Amino acid sequence: MDEIVETYKGQDLRVQEEIEEEKKRLEDEDEDDILSHLDYKKLEKISEDFKKNPKKGLTLLEYIKVMLKHLEDIKDKVGLVKNLIELFKQIDVNGDEELEWDEFSNHIIELGMVRKDKTFIDAIKNYYASDITDDEKHDTKIEHLYFIEKLKHLLVMERDSKRFKVYDTKTGKFKQNVPDKSGHGGGAVIGADYIESENLVATTSNNNSINLWDSNNYMHRERIPTSEIQLTVKWCEPSKRLFTGGCDSVIHAYDVSELKEIGVREGWNPMKKDKVQHEGPILDLLPIHDQGVLVSCGIDAQICLWNLKNLEGKHTLVGHQLGVYSLEWYSDTNILLSAGLDHDIYIWNPYVEHKIFLLKGHNHSLVGVKHLKGTHQIISADISGMFRVWDVRTFTTIQVFNSPLSEINCFALTYPPKRIVAGGRRLAFYDYDEPTDHHLADDNHCLCVLYNPVFYTFITAHPKCIKVWDACTGKLLSVFRELCKHDITCMCLDERNRKLFVGNSKGNVFSINIKNGAHMKKFEDHKGDVSSLFYWGHKTTLLSASWDKTVKSSDDSTSKPEGDPRYCMDKHRQAVNFIDFKADQAICASASDDGTVIIYNYGSYRQEGILQPHQLQVKICKFLEPYNILASADLYGYIYFWGIMPSAAKNELLCCVKDDIESEVGTIENFPIRAMDFDSESKILYTGDEMGNMYQWDVSNLIEKLSKFDQEIIDKKKTGLDVAEFKKTLNQFEKMDNLDLPYDSHEERKAEVYEEEKSETFLTTPKVGPDGENSTPKIASESNLSSHKDVFLKERWKAHQEGITWITFNQDPKFVATSSFDKNVYIWNDQCEKIGSLVLGHDKKWNIVIDKTEAEQKKIEEAKDMFEEAQKENSSSAEGDSKEKDLRAMEVLRKYHRDKNIRKKYEMEF
């Protein structure tokens, strides 16, 4: 990138600074941001370039050349090329390294169709009726409610009451009346606000006064007389002014410390209709210090904007037909909201005189509109008691509910906790359904946790959503909600880590874009819950297992919206719980409730074997790649190790181990294994059980012995000895004495095996393979191959409080990620020490170090090379075009001179 910047050395410093700024911006820019540079005119021209070769798509280099031609305004070309390469990889869903126009355009359409609120981290949930009840007696209807954030107090004004009530917003309980019976007298209280710098609460009354109260004890401090009844009062802390508006249509400004009026904006004057002014009582004020304006609204249906310093009129917002009661400011997008006797909420840009949007949905006059601070929630209510919760990011309704009060006059939003308080004949409280514990990954348990090395993210699956977390910080990046109508049950990534395949409890299987959650493709449904998924990248095939007893394979090689079914394996007699795949042999292992593990070859579509000494349901299996061993576990807590093709010990039980845990009452217990993963470098198998225990099993001796055994077989083949006789020794019962199998005695197992040979029942009948041979697994002897001593427990620790659902081991950086029914996701190092937690509130002790430098440098180098190559081709093309133009020009000149000579000759002859 620095080399490209060097080309601009001849330009002035300002241009170089612009390049550096753009370079920095592009470093964090993703493909969505690149697409923001493309308008419809550019897309039309890009479409023409794509369609110049209709038989095939553009290669990466051709695509870079086309995009560079149409994005000339971006100065940092290398940064642009780096992100264009990323965009190419993201769009090329079928992985054919060619980009068709349909793929490119469909990607843009999908981005536009994805509902962004589904990916919001802070999606808005619902409110529900609180257990808090208002037991305080109210003499008249509640007319106004004011929330004092600093004090966490709610001030309640009743109609024609000379006192106001104070409530604690945390508990919702009544605190006191102000003033008390023996205290200060005055008129009926109307409006209130908090003066933070003076620790005072200001109220207005119908006796033409502003009263100031000590915020610590609500003792009366001062009184400021007014010329008319002031209906609203607002304090502006930055400007240290108290603003009021009322029946005189005049805005007043007061200096509280001096207790005097320091400014006034004259009221309605029929002789000055061209000026900004109200023609009736002012009902609400809103100081917006960042914009330097004071906004007012009134019964005259006008919204006026004033200079905050001198109260000079700016302009009037026109649109309301009836009186306006309520104003609110949303600072994130600088929009003004207003509500009143009209049934709609008006959205304004304060610099534009006409409304920019309407929020429709109410059928009665509104009593107010409010924004809940720190959220994207807008709450509105009408006199009938209907409340609407809006997402201001999308202007859509999230929730509608009705208050049990027959009529409401006002409402307030309090926090924390987030709560709506409605005022009518009494108070009604509504609590927000937010996570009760921010130290969890989700409100629901976590089914699976995956690591994505391309985007440096963790992906967690929960029944109702899928979450993406930043692996460098542990912070939540996005949430994909409403992906399907039924609960999510499993997921897996494709080999490029750019697509996520999801299965649910209805049997549906589909893929989504991992960057934005957009649906990409659906696959053949199962008749039961989808229990496990695996993506075979070499053949672009998705394998899905289900409780409907089948394992299905589907084609994912095309960009069609539906994947073509390839094959259905239905050899199991009960639900299939898990599948794993060994790509170099194209074999799939499926674990089932029927107590078997079936090894199926997807290269030849034939069954390679049935592994079945398990006595209960098999819940999990795992290939210990790159070695020829498969591990499986059943509900007894036993872990079985099998030889797998191409080993000579194919389908043979190598050994069986379990961990005896002493319970609180002193008995020995074994717990079912539900999850496992393998560290091939350290030869450690990680397992997790139903009680939240994690285990490290050292299988290095077993791997070494199997390698030696296979080498012996190879050597005997070379020497011409009888290999069959050598392998027969593996089945001799007299050599089983040291095997740790799940039986009370080895003699009992010998007798049971003898009975199995005679029995015709399902659980004990030897299985017959496709070649007609008995495929019941043989048990390898210790003297020839291995024993339980070759697999030993290295470490055990209590990782979770409930059953472990998933284990993911990652080599670089080295860590183990676990998820559980306790709703937690933890990250561990190889020393069994916790180094991070994926939690909603963010783990401050996050200690996972991911070095992106090398990967990012490779991307930059690739972008540089691609940019230089594109430049060379463009130069060659331009040079060729220039030569072609020169040749055409020479031809024209020759033709001209030839024609000129012909004309001369013709003139001489005639």
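Just so you know, glycine gets a Cβ as well, placed from its N, Cα and C.
Taken from TrEMBL, the feature compositional bias 'Basic and acidic residues' covers 862-872. Note on the compositional bias 'Basic and acidic residues' (862-872): DSSP counts are 11 helix, 0 strand, 0 coil.
Annotation source TrEMBL lists domain 'EF-hand' at 79-114. For the domain 'EF-hand' (79-114), the model gives a mean pLDDT of 75.
TrEMBL lists 760-781 (among others) with the feature region 'Disordered'.
The feature region 'Disordered' is assigned by TrEMBL to 862-886 (among others).
Per TrEMBL, repeat 'WD' is recorded for 317-349 (among others). For the repeat 'WD' (317-349), the DSSP counts in helix, strand and coil order read 0 helix, 19 strand, 14 coil.
Taken from TrEMBL, the feature repeat 'WD' covers 359-400 (among others). Long-range contacts of the repeat 'WD' (359-400) within its own chain (CB-CB distance under 8 A, at least 6 residues past either end) are made by residues 115-117, 120, 122, 124, 126-127, 149, 322, 325-326, 328-330, 332-333, 335, 337-345, 347, 406-413, 415, 418, 420, 422, 424, 430.
For 569-601 (among others), the entry in TrEMBL reads repeat 'WD'.
The repeat 'WD' annotation in TrEMBL covers 797-829 (among others).
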Exercise. Per DSSP, how many helix, strand and coil residues does the repeat 'WD' (569-601) have?
Worked result: 0 helix, 19 strand, 14 coil
